[in-house]
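> Let me give you the structure first, and then I'll get to my questions.
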Amino acid sequence: MQISDTGHSHMPDFHAVLAREDWQNQTITHLNRLPAHPAFASWRDELAARDNHLSTRRRQLDGEWQFVYARSPFAVDAQWLTQDLPDSRGTPVPSNWQMEGYDAPIYTNVRYPIDTTPPRVPEDNPTGCYSLHFTVEDTWRENGQTQIIFDGVNSAFHLWCNGVWVGYSQDSRLPAAFDLSPFLRPGDNRLCVMVMRWSAGSWLEDQDMWRMSGIFRSVWLLNKPQQRLCDVQLTPALDALYRDGTLQVQATVEATEAALAGLSVGVSLWRGEEQVAAGRQPLGTPAVDERGHYAERVDFALAVTAPAHWSAETPNCYRAVVTLWRGDELLEAEAWDIGFRRIEIADGLLRLNGKPLLIRGVNRHEHHYLRGQVVTEADMVQDILLMKQNNFNAVRCSHYPNAPRWYELCNRYGLYVVDEANIETHGMVPMNRLSDDPAWLPAFSARVTRMVQSNRNHPCIIIWSLGNESGGGGNHEALYHWLKRNDPSRPVQYEGGGADTTATDIICPMYARVERDQPIPAVPKWGIKKWISLPGEQRPLILCEYAHAMGNSLGNFADYWQAFREYPRLQGGFIWDWADQAIRKIFDDGSVGWAYGGDFGDKPNDRQFCMNGLVFPDRTPHPSLVEAKHAQQYFQFTLLSTSPLRVRITSEYLFRPTDNEVVRWQVQSAGETLYHGNLTLALPPEGSDEITLLDSLILPEGARAVWLTLEVTQPRATDWSEADHRVAWQQFPLPAPLALPAPTVPAGAPDLIVSDEVWQIRAGSQCWTIDRRTGLLSRWSVGGQEQLLTPLRDQFIRAPLDNDIGVSEVERIDPNAWVERWKSAGLYDLEAHCVQCDAQRLANETLVDCRWHYLRGEEVVIVSHWRMHFTADGTLRLAVDGERAETLPPLPRVGLHFQVADQQAPVSWLGLGPHENYPDRRSSACFARWEQPLAAMTTPYIFPTENGLRCDTQALDWGRWHVSGHFHFSVQPWSTRQLMETDHWHKMQAEDGVWITLDGLHMGVGGDDSWTPSVLPQWLLSQTRWQYEFFLRCL
């Protein structure tokens, strides 16, 4: 590649640059931008490159820049090129200007935030003008090429240096480099960057995220020598036996034609300080056609005997140092971490190093609750550690290439990455309007090809993605074939275009169900088990998005993982998504809380649909993260027999033995430990072992609720976890003796005191009062102190979950959403009429028999019958049966609730825990005796909803209150009504007491998606009759 001397006397002036309106033209993806290439540092010492020392030729320009905000590019004063304007002020780079007090962030999912008129964008186009004064060393200015590199600018920008226009770039998510050499001068230099919020590129950036602007990634200066490496492609490969390796090297040099002949390129491969291979070759390739060869390029290979393989389990990295020489003079060194691995699709399976992968994946946006889309290395490491600790092995860069440092960290810690082009046109009608338009091919092409040219050297990237939700069209087809030709070492995936698209090597649907078909016109989504069995379909299936984790969600998740393990070609998927995309905000009333769409006056907006995370914005886990961790765990357990007590443990690690794992086990009866033990787990990859825990299981008389609990922990700390980290666990119920002790019935019955208004029942210090008109147990005093703040009442509703609410486009009502069906049925406004309230004192109890009709208008839709059995020891046995009209939809819950005074005591229970769990999301919960502070019994979902349930409980103790039976429960300082009527968690107000909710039945939460009713039939309360029973005491 020949260097040309670039003068700038012909450069256009400020107004001429703006008059072109380059940002309105989809065919202009850049002007004067340098070709894409891997990250460079331009070391001048080979060992410094090997050891990744800071390069003296690379300088970061992050820090405080001057900033001026304008309503459009044409509102900017041309004087800005030479001096700061009066209204300029300091702003950090990187940053989004919306997070610095300018303009408003906008959250939309599908809809474009501007009128859909591609390629044109509004004339009123918020514009940020950044300026910086800097100096460069004389040696930089006098020798070689000095580049400026912007790692990410949203959405397009013009660049000036010392008042002279340098160039233009769009594509918010890939580095843009320019040659500054012709524009630099001794001493002070002034850099000016004009960033437009909207550009023709915005039509390709309609991702489900906050729309923000500015220089949001780092800015660098890089000094390269006069003769320099301008591209290096490294392709490590393994042979057919996955034993020996080859490092394919293609390097391109930029130099004058005269200088090329004396140059050579060297490569050395290092593992730590050990050099494992090296080679050097003069520039020039063999002839490629009748016109000759590439004089500026070199292609050669290094043979590596039995290299350590790279995988997410064993991220063995080598350091490849590529050097440019003039004779024996080292001109420059560049270096990258590489890994030897072979990714391929064979026999219908995605394989790494010959082994079929099981993708334990999650989608991740770059988002920080204070900095917007600015993420630091510490943020990245925090995410990676949490992912690894929770059994994730893969991440999809949704839906754009990430900051360069992200890939380096994934290489080192071990995560498989799907790198995705910054292309989404979800808001177009039809969606493929641009992807099938040849006029947009240059824009599509730049985003895909530059992604590959920038990131291909990273071993963590195992799949390229052509983008997201852009329909199917000729542009995708063309780029699929370009990818297959230019990087045959990786498969390509693309979901757009539906079931029959040919632009993908992997079936990668989003939100396909395990069993149920979704016959959507043009793009049907079959049940995943059916999909892989369709005639002629031989590709693996990996869900690019599934398990929509919005709020209280992730029901049915274990069903997916059962299918993945049963059907080899179902190779996992990527949960949507990692973190709630909320922003910390000081609201108008001075309160501080999490903000979502609409909270900044942004229109249009899709409200809370930006909060679909397994973790809160500050990375505090949701309970659903524990469910994901358990379903994805690398060990499977099978109970072989109970006496002797034998289990089989199978490792799903493909590449590493269990050299840091211990099995801890215990047998418990009603939460009390009977037997326990530890043993070292020594399994080869994919190995299993059958273990005898007890030669004979002998249970004491009266044993009940007997469970075997096994967990696998890692006694030693790892790169991503602390010592004693728990990686897997499982419980099995064990048979208990059939004979149970007969319940004791206290002699005598409580006194029954009758008046016209109430039944009053007394037993020692206990006194219960039932209102004869309403039938409600309205008072319960102990030693003269009243315990109830509200009566005990039936509870048939829950504060709607996001999954109950349905569609994200909040102005459109979906009559099929559960909340709309419940509203239409009048479930939230039922009137209770007591039609029976009888009392009698029997030999050993006093019985109050009450029946209520719940009316929708004049129609009886629910009948509830309570039998309250009061005994002399102060116990209330409450037996409830009921029925609903067949015209009602399935109910969200069947139970009761009441408010009591705060006990200032921890909550203890015998049941599933310790975390929140629901009938269709409880595989990760264990049956035991648990104790937690009251605050831990609430999950503060940002959009308040039903939360905090614990299922399959046999006993509950909180302060004076004791409940036994078989039930689900929650104990919280919030009423269902307040949860329903509040739209942000920080607005929740303290109430006088604490609400106890006891459910006989509770509907599942769903979560296959959040816009259709996704609760599976087995988790719906479809029955029209029910009964349950509790024992309550207040001591």
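Cβ atoms here come from the backbone N, Cα and C positions, even for glycine.
Positions annotated as active site, proton donor by Swiss-Prot: GLU469. The annotation active site, nucleophile is assigned in Swiss-Prot to GLU545. Per Swiss-Prot, the feature substrate binding site maps to ASN109, ASP208, GLU469, GLU545, TYR546, ALA547, HIS548, ASN612, TRP1011. According to Swiss-Prot, the feature Na(+) binding site maps to ASP208, PHE609, ASN612. The Mg(2+) 1 binding site annotation in Swiss-Prot covers GLU424, HIS426, GLU469 and is backed by sequence analysis. Taken from Swiss-Prot, the feature Mg(2+) 2 binding site applies to ASN605. The site 'Transition state stabilizer' feature in Swiss-Prot is assigned to HIS365, HIS399.
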> Over all shown protein chains, what is the count of other CB atoms within 10 A of the CB belonging to TRP1011 (substrate binding site)?
20
> Quick one: of ASP208, HIS399, GLU469, ASN605, ASN612, which recorded positions lie within 10 angstroms of GLU424 (Mg(2+) 1 binding site), measuring between C-alpha atoms? Sequence order, please.
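Those close enough are ASP208, HIS399, GLU469.
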> These are the binding-site residues: ASN109, ASN605, ASN612. Which one scores highest on other Cβ atoms within 10 Å?
ASN612
> Which residues in the same chain, at least 6 apart in sequence, have a Cβ under 8 Å from the Cβ of TYR546 (substrate binding site)?
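Non-local contacts for TYR546 (substrate binding site): MET510, TYR511, ALA512, TYR560, GLY573, PHE574, ILE575, TRP576, ASP1008.
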> Fill in the CA-CA distance, TRP1011 (substrate binding site) to PHE609 (Na(+) binding site), as an integer in Å.
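The Cα atom of TRP1011 (substrate binding site) is 10 Å away from the Cα atom of PHE609 (Na(+) binding site).
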> What whole-number Å value do you get for the CA-CA distance of ASP208 (Na(+) binding site) and ASN109 (substrate binding site)?
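With distance taken Cα to Cα, ASN109 (substrate binding site) is 4 Å from ASP208 (Na(+) binding site).
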> In the same chain, outside GLU424, HIS426, GLU469, whose C-beta lies within 8 angstroms of the Cβ mean position for the Mg(2+) 1 site?
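So the additional residues around the site are VAL110, ASP206, GLN207, ASP208, HIS399, THR425, GLY427, MET431, GLY467, ASN468, SER470, GLY496.
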> Taking HIS365 (site 'Transition state stabilizer') as the reference, which of HIS399, GLU469, GLU545, HIS548, ASN605, PHE609 (the recorded positions) have a CA within 10 A of its CA?
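Within 10 Å Cα-Cα: HIS399.
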> Find, for the listed active-site residues GLU469, GLU545, the residue with the lowest Cβ contact count at a 10 Å cut-off, counting only other Cβ atoms.
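Selected from the active-site residues GLU469, GLU545 on minimum Cβ neighbours within 10 Å: GLU469.
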> Give the residue from the recorded positions HIS365, HIS399, HIS426 that has the most other Cβ atoms within 10 Å of its Cβ, counting over every protein chain displayed.
HIS399
> Are there residues of the same chain, six or more positions away from HIS548 (substrate binding site), whose CB falls under 8 angstroms from its CB, and which are they?
TYR511, TRP576, ASN612, ASN803, GLY1007, ASP1008, ASP1009, SER1010
> Between the Cα atoms of HIS426 (Mg(2+) 1 binding site) and GLU469 (active site, proton donor), what distance do you get, rounded to the nearest Å?
5
> In which DSSP state, out of helix, strand and coil, do we find HIS399 (site 'Transition state stabilizer')?
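In three-state terms, HIS399 (site 'Transition state stabilizer') counts as coil.
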> Taking DSSP three-state, what's TYR546 (substrate binding site) in: helix, strand or coil?
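For TYR546 (substrate binding site) - judged by DSSP and reduced to three states - the answer is strand.
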> Would you list, in sequence order, the recorded positions among ASN109, HIS399, GLU469, GLU545 whose CA lies within 10 Å of the CA of ASN605 (Mg(2+) 2 binding site)?
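Near ASN605 (Mg(2+) 2 binding site) by Cα: ASN109.
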> Other than its own, how many Cβ atoms are within 10 Å of the Cβ belonging to GLU424 (Mg(2+) 1 binding site)?
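Within a 10 Å radius of the Cβ of GLU424 (Mg(2+) 1 binding site) lie 25 other Cβ atoms.
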> Going by DSSP, is PHE609 (Na(+) binding site) part of a helix, a strand, or coil?
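It is helical.
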